[in-house]
Ligand code: S3P
């Protein structure tokens, strides 16, 4: 696909699509609760639609009228044998959280996904689940999908220190802990997104969170709820950065989720001198409006406990750093190497093709700002966030073609991304 180039300004307002992490979980909790759950502003993108399809395949009545999704919950152990392999597509959140949920059911099941999923590490979930007594294994004695999970496990509560900072691992173990007798204690390496903990409470469960220590008792019941999904800050991030680096711009992003565990990008933009304002904050729903304007930016260092608060935004933050004065250093982000693709290598290789000065390191990137970007042929590697980052980069290219291979990956999290960008380019 030929990308849009040479944007002279970006102006206007966007209501960003629903949060991907919360959309997945709303289907999961709605299915495991008793009674009816309704979901509005659900993200109808490939990843979340795969989660929805899978719960339907396990016998959960789910109806989508185009505005509201209605789920007739089956209770914690009420899922039915799908009688076939479940395919999560490209979604790491789906496969990992499902492992915890399926550990507590009465049937055997196999989980698989696309070529990217078949290369992603699963021991981080399978090993602690095995410790809890779950019969689960990867393909041919590897840790990779297809993953087979046996039913009727006798699940034991554990105390477990997570060796990686991962909300997916934490969430899978919290789901499994619901089926155990007694109290499970999880100790996080760093604080990660807390949507599972928040939803356990929202659906009437009990969970104790004391900084990085989480305690949960098994044998709880959930009750159906009305879920309103806020906009995804990880999708808003592309337009936050675009508004900052394209001259003469002012971009308004409405109804963006502002969970403290997700707002690292706002802190980084501020530390780089970017003009960013948060208004109309709705404390109860943890959401608000973000306004950005074209800015003079300076380099920064991004490391330590902020990393999980912006892990998915690092590719677009790397682009932001190419437009800042000075050298930006990103470290402690080795998790980027095991995302939908190796995002450290992908960001370095693809932005270099467009003229950026950027070096990959083992656990991050070193970005020398101030280079002008030029035309070139790039690829998303089938990774939605790499694809969208490259489109924002192309807006800075003054002449020639920027051609993106595998642009269709964008539909994994933001099917209307190109249309929303168009709307900002046409408004004056
Ligand atoms: C997610 C957690 C993060 C994030 C992913 C979504 C979630 O992964 O990168 O896009 O919904 O829990 P990790 O928890 O593996 O870091």
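Cβ atoms are placed via backbone N, Cα and C, with glycine included.
Copied over from TrEMBL, here are the features:
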ACT_SITE  312  active site, proton acceptor
BINDING   20, 21, 25, 166, 168, 312, 339  3-phosphoshikimate binding site
BINDING   20, 92, 120, 168, 343, 385  phosphoenolpyruvate binding site
DOMAIN    8-421  domain 'Enolpyruvate transferase'
Ligand 1: which of the binding-site residues 25, 120, 343, 385 have a Cβ closer than 6 angstroms to it?
none
Mind looking up the mean pLDDT for the domain 'Enolpyruvate transferase' (8-421) in the predicted model?
98
Work out how many Å separate residue 339 (3-phosphoshikimate binding site) and residue 312 (active site, proton acceptor) at their Cα atoms, rounded off.
9
Three-state secondary structure of residue 20 (3-phosphoshikimate binding site) from DSSP?
helix
If you count other Cβ atoms within 10 Å of each one's Cβ, which of the binding-site residues 20, 385 has the most?
385
Between residue 166 (3-phosphoshikimate binding site) and residue 120 (phosphoenolpyruvate binding site), find the distance joining the two CA atoms and give it rounded to the nearest Å.
14
If you count other CB atoms within 10 A of each CB, which of 21, 166, 168 wins among these binding-site residues?
21
